[in-house]
Amino acid sequence: MNIISVGVNHKTAPIEIRERISLSEVQAKEFLSDIISSGIAQEAMVLSTCNRTELYVVPGMPEVTGHYLKEYLISYKDAEKDVRPEHFYNRFYCNTARHLFEVSSAIDSLVLGEGQILGQVKDAYRIAVEVQSAGILLTRLCHTAFSVAKKVKTRTRIMEGAVSVSYAAVELAQKIFSNLSMKKILLVGAGETGELAAKHMFQKNARNIVITNRTQSKAEALAEELGTNQVLPFESFRDHLHDFDIIITAVSTKDYVLKHPEMQQSMQKRRLKPVIILDLGLPRNVDPEISGLQNMFLKDIDDLKHIIDKNLEMRRSELPKVQSIIDEELVGFGQWINTLKVRPTIVDLQSKFLEIKEKELERYRHKVSEEELQRMERLSDRILKKILHHPIKMLKSPVDTADTIPSRVNLVRNIFDLEEQNQLNNNQ
Amino acid sequence: MLLLITFAVSLLYIITTALYGADFFRRNEIASTYKQPALIVTIVAHATFIGMLTAPSGYQLGYSSYTIMSMVALTLAVIYMFIEFSTKTDKTGFFVLSFSTGAEILSSLLFSLAPDQGESFSGLGIGIHLFSATFSFSSIAIAGLYSILYLLLFSEIKNNRFGMLFENLPNLEVLEQLIKHAVAFGFLFLTLTILAGVIGSAHSGEQINLLDPKLIALVIIWLLYGASLFIKKLFGWDTKHMAYLLIGLFVFITLLILLMSLFSPTFHNISFSGSVI
């Protein structure tokens, strides 16, 4: 039994190609239904995000190879003109499992350790379950992948630290102030960058966010969206600077919005209580001389990039730990796959003994009372369970190589005189 | 036997500090798991050792330098444990426990040189004097050590050096709170030390020598500490400048105690049983 994965991702194909080949949830459901009903796949799953589209397939026919699946997907998307098989990668068996484990752990992502991918893998599995294209193999593969991702999240620091400018701004503010809910925040500019920073602050319990913007209606709209409903007129916000512990600026302007004299005055009014100014504008919105003021932390985009670089470096240093978790789980998964090969023999063994039990009990059915027969049945069940325990345990026990499985299976089949098994050979 | 135990206690301090260091600097998982149990074991072992040491004198502490240094190490460790449990901040242990370890090693060395713990003191006043003196120095040490950490983190943030301290230390506001609490407790215990000492001496009929350098130093420290409680409001000092003052006081007092430990076998001379000069 093989598992094949084929796909395109941010490493193998540019965005135009990824767009052409991506599948929405509805399309993925249709695609999975088609591939199962046509017998191409016994099991199948589609993982389609902005950075990747991947198929995980347990082939239903011998001719279904990686190349076959690439061509099938390209033709399904009617993308022969733009997409070529060279844009794809394909993996088989344990490498497929390793790949999905790496994807779920976010070490194959564009931004190392990003937190969204696990949810996307879970969605892909949910869709496969909904269209009944996830069988025993994909179910086990996905559940192991979720377990790997959980272990990676708890045992390593691969997902720690901010890796975007707006998150880095929040991380920095939290290194100065202990409780953002107690701090007063001024957002100068209601554009996309400012909005993102304000939302991240809000996620960290900051509630006292006041917004000012040249176009007041934009500020009001953002304040309403955040639920703070606090807006200051752009013309007069400088009169209130001393009230704020955190000031975020993100406006397009050639001139500085905050200058040295007004901030100096504000610091005096604050009796030197620390202030952090996060200048997210480009060109910069705040006079750099302000950083010389006592207890003033002025940080621009370049400063915040230092935090991002440090966090990415830290995440990269965690990669060996992640790989070790994946290796560990891969061994377990491989051993489970091997148990699939012995499963028919276990079933045959159990059936044979049950048959013997039934035959023997049948001989006594009319010679003893119903109560006695039930007692004999319970006794036989206990004896069978004990007799079968060791052979089943031996069959299921881990093996170093797949080569030893047939010898084990043959041994058990010969000893217990089980009928010739064709399935074993078919499955390998 | 006691000599062996005192070095064993020092060894426990070294191990615990090393575990906190390995967790802080290397993020070692084993160190992270075992540092807190190691701290508890160290504190229990140390308290047991102090019990064994003072058992012959009815569990009353003497004024020997090694007893005082050992008590300083223990109270620092206990105060740190309290901070760790109450603030859930376990990343400053290496810095506080390093100082604790230094004090305990010094105590063990002094014990090996002169194991006699001197005369013990009875009476509630003297007991309070001794305990509050130990706790006040521990509070001063905590305030000084956290002030150093505050300044280091402040400088890291200001200069965009987002390194190990930035990553591991609690934020500036938490450090400021810890400093404030340490100063408040330090002032309270210093006040108790002076009051209990005066009452104890008066009770024993002993004349207090107002020119005693120890008494003068203690009163100066008490005044500076008291002033530092209000300095922010009165003179508009910020935490950064407060931190410099607290570090200065900490270094001064540590040097004073160190010199006294090295050049005098006891912190007080005894003229007769129960009285302190």
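A Cβ is built for glycine as well, from the same backbone N, Cα and C atoms used for every other residue.
Residues annotated as substrate binding site in TrEMBL: A:THR49, A:CYS50, A:ASN51, A:ARG52, A:SER109, A:GLU114, A:GLY115, A:GLN116, A:GLN120. Residues annotated as NADP(+) binding site in TrEMBL: A:GLY189, A:ALA190, A:GLY191, A:GLU192, A:THR193, A:GLY194. Feature annotation from TrEMBL assigns domain 'Glutamyl-tRNA reductase N-terminal' to A:6-156. Among the features that TrEMBL reports, domain 'Quinate/shikimate 5-dehydrogenase/glutamyl-tRNA reductase' is placed at A:171-307. Annotation source TrEMBL lists domain 'Tetrapyrrole biosynthesis glutamyl-tRNA reductase dimerisation' at A:321-418. Residues or ranges marked as site 'Important for activity' by TrEMBL: A:HIS99.
Cα spacing between A:GLY191 (NADP(+) binding site) and A:GLY115 (substrate binding site): 25 Å, rounded to the nearest whole number. Sequence-distant neighbours of A:SER109 (substrate binding site) (same chain, 6+ apart, CB under 8 A from its CB) are A:ASN51, A:VAL103, A:ILE117. When each of the binding-site residues A:GLY189, A:GLY194 is scored by how many other Cβ atoms sit within 10 Å of its Cβ, A:GLY194 comes out lowest.
This prediction places the mean pLDDT of the domain 'Glutamyl-tRNA reductase N-terminal' (A:6-156) at 93. The 10 Å shell around the Cβ of A:THR193 (NADP(+) binding site) contains 21 further Cβ atoms across the protein chains shown. Taken through DSSP, the domain 'Quinate/shikimate 5-dehydrogenase/glutamyl-tRNA reductase' (A:171-307) splits into 61 helix, 30 strand, 46 coil. A:THR193 (NADP(+) binding site) sits 20 Å from A:GLY115 (substrate binding site), counting Cα to Cα. Under DSSP, A:GLN120 (substrate binding site) is assigned to a helix (H, G or I) in the three-state scheme. Counting other Cβ atoms within 10 Å of each Cβ, the lowest count among the binding-site residues A:GLY115, A:GLY191 belongs to A:GLY115.
Here the CA atom of A:HIS99 (site 'Important for activity') lies 16 Å from the CA atom of A:THR49 (substrate binding site).
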